[in-house]
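Pulled from TrEMBL:
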TRANSMEM  A:6-23  transmembrane segment
TRANSMEM  A:32-52  transmembrane segment
TRANSMEM  A:119-142  transmembrane segment
DOMAIN    A:128-412  domain 'NADH:quinone oxidoreductase/Mrp antiporter transmembrane'
TRANSMEM  A:162-184  transmembrane segment
TRANSMEM  A:205-230  transmembrane segment
TRANSMEM  A:242-262  transmembrane segment
TRANSMEM  A:274-297  transmembrane segment
TRANSMEM  A:303-323  transmembrane segment
TRANSMEM  A:330-352  transmembrane segment
TRANSMEM  A:372-395  transmembrane segment
TRANSMEM  A:407-427  transmembrane segment
TRANSMEM  A:483-504  transmembrane segment
Amino acid sequence: MNHFIIAPVVLPAIIGGLIILWMRHDLLLQRVFSTAGSLALLGVALYLAFYASSGEVFVYRLGNWPAPFGIVLMLDRLAALMLVLGAFLGLVVQLYGIGSGWDRKGWHFHALWQFQMMGVMGAFLTGDAFNLFVFFEVLLIASYGLMIHGGGGLRLRAGVQYVVINLMGSTLFLAALGTLYAVTGTLNMADMAVKVAQMPADDTALLRAGAVLLMLVFAIKAALVPLHFWLPSTYANAPGPVAALFAIMSKVGVYAIIRFYTLVFPGDSVVEGIVADMLLPAALITLVVGQVGVLGGRNLGRVAAMSAIASIGTLVIAVSMFTQPAISAALYYTIHSTLAAAALFLISDMIAARRNGDLWLTLRPKIQDSGLIASFFFAAAIAVAGLPPLSGFIGKLLVLDATRIDPWWVGIWSTILVTSLFAIVGFSRAGSTLFWLPFQLQRAERIAEAEGRPAPKAPIPPKLEPDEHIQDIGDAVSPTLTFVSAGLLLAGLVALTLFAGPALHMTDSIAAQLFDTAPYVESVLVEQEGARP
Amino acid sequence: MEALVAIAIGAMSAAGMYLVLRLRTFPVVIGMTMMSYAINLFLVATGRLAINKPPILHGHGAVDYSAYTDPLPQALTLTAIVISFGMTAVVVLLSLGAFLEGGDDYIDMPEADRTERGEKE
């Protein structure tokens, strides 16, 4: 057993604990330790990705208990990819949190951040269904704290809704796990896959109920219509860097769908069809709802949140095919949409910081650094809308290609293409209102000045109190760092575009490994002490 | 006994669901506790209902497994109770905070979230 497999869970847990116990009054120490921890986490994730790239499935038996009685952590290519993606996003967005001064708006930002990373990493690694529930709870508890970071009436109200919906989701998760345990008698995912495959076809009513319940839970996490209602106000009211980190949280739901419905309930099992039949229409409606939201949004925070919903829609359309090329396309799109959504949230937070926390798409005086932010916004909008030359275009092309064989392909293609137009119009409108209209105001000012009339409303000076609910440019410790971290996410998108070939090669090998479940099951159940040969 | 437990779970879930759908935070919190009670009871029942059977092995040598009940659901329930207890505390504090900051205890978003500066449309 390679003990580095558990490091992504243990490392943030230790750092988070240290931050709370020893350095809760010293923000500088917290920043140093937390950044070092995230950097080390990224290092471990990269090492594990290299380690898993051999194609073998590695098992880590906690306490060396034999499976299926003990809990196992599993490292395969998919888990390794998600680890790297999560650790990269965590580090970059954390730098933004430091640079923008968000981390001093309230208590325990860095400790919660580390616990959040612990939950996310654990959810990607675990090979036990109940343990997945526990890691979901860990990441949710930390996300509750992060979501209301900084306080404020609206944010707390949105936080209550977020917590209530997720608690109902957790209740549903327990119900699903209870049902599956009652039928299969195991909670180990590999063992459950074996038991499900052996089940007689006419005795599976409960099993199907459990499988569908479980999908509903993951759909809540991934924010699929009609279970998406928590997302817009949560993301729009959360602090900018937290909303950007949440881009990986909805992907945890998608990851769990991919993991469960390729391993435990594969296409040829008794649950065949039900889940895919439900996922495809839901995903199509999710895409439409999201892009219409982008088109109609009057607030940039909402527009960004709706575009996150739309990207989940596109992603799940590919997932619902459950074929090898489709899953490969979905994984490529996962990397792209996580980075693009996070970049968009960071950029809209930069704009909010320069407009006194005001993200309504109405005419305001020209913001500070307008040119640079406008070009960042332009790049992120291109990526999110899926226009060439960035990776969103390649991702959408792959999804279209993978759905070509589906009997519904006409509907899928037209939905994806028409809604892309919605997104383009929505983002063009948002961008021109935010960055071009202010020039009109400037011109009006100049004319008024020449005629000797009093000038129209002057720019609002930024407030400087560190204890207010919104974060503005006066609080930013280092505006340069905020640009660097948003730029790093965009650079990730450019790299994903330039190296689309190798990236696709990697996602292809991940998808191939996912559909070949025998080595996964064998590595857990057979290759252990005292197992039947 | 099965019918009794099933009715208890169903009644508690129905009551919990009704309360969760209320407009104010207090009934919602109570409703969520009801839901988690119902689910905890359901989890215990997934190990099959048995009376007077211990979940922990005692003694050595040959063991008659039919004299024991499944210990795993009980462990799961214990974990679920701990988590739901902590979550209830979190949601109580959060809704108190939202009440103190926002001035009322409604659970839906106020006007200010939908329209600029909270104006009526």
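Glycine too: its Cβ is placed from the backbone N, Cα and C atoms.
Remember, TrEMBL labels are computer predictions, not curated facts.
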Practice problem: Please work out whether the transmembrane segment (A:483-504) lies in contact with the transmembrane segment (A:303-323), by counting C-beta pairs under 8 angstroms that are 6 or more apart in sequence and asking whether there are at least 3. | Solution: no
Quiz item: Any chance the transmembrane segment (A:407-427) and the transmembrane segment (A:303-323) have 3 or more Cβ pairs under 8 A, given the pairs are 6 or more apart in sequence?
Solution: yes
Practice problem: Tell me, please, if the transmembrane segment (A:303-323) and the transmembrane segment (A:205-230) are in contact, taking contact as 3+ Cβ pairs under 8 Å between residues separated by 6 or more positions? | Solution: yes
Practice problem: Quick one: find which recorded stretch in A:6-23, A:32-52, A:119-142, A:205-230, A:330-352 has the most Cβ pairs under 8 Å with the transmembrane segment (A:372-395). | Solution: A:330-352
Quiz item: Which stretch from A:6-23, A:32-52, A:119-142, A:330-352 shares the most C-beta pairs under 8 Å with the transmembrane segment (A:242-262)?
Solution: A:330-352
Practice problem: Six or more residues out from either end of the transmembrane segment (A:119-142), which same-chain residues have a Cβ under 8 Å from its Cβ atoms? | Solution: 5-6, 8-9, 12, 41, 45, 59-60, 71-75, 79, 82-83, 86-87, 90, 112-113, 166, 170, 173-174, 177, 180, 187-190, 192, 221, 248-249, 252, 255-256, 524
Quiz prompt | Tertiary contacts of the transmembrane segment (A:205-230) (same chain, 6+ residues out, Cβ under 8 Å) | solution = 136, 161-162, 165-166, 168-169, 172-173, 175-177, 179-180, 182-184, 196, 199, 249-254, 256-257, 260-261, 265, 270-271, 274-275, 278-279, 282-283, 285-286, 289, 308-309, 312-313, 316
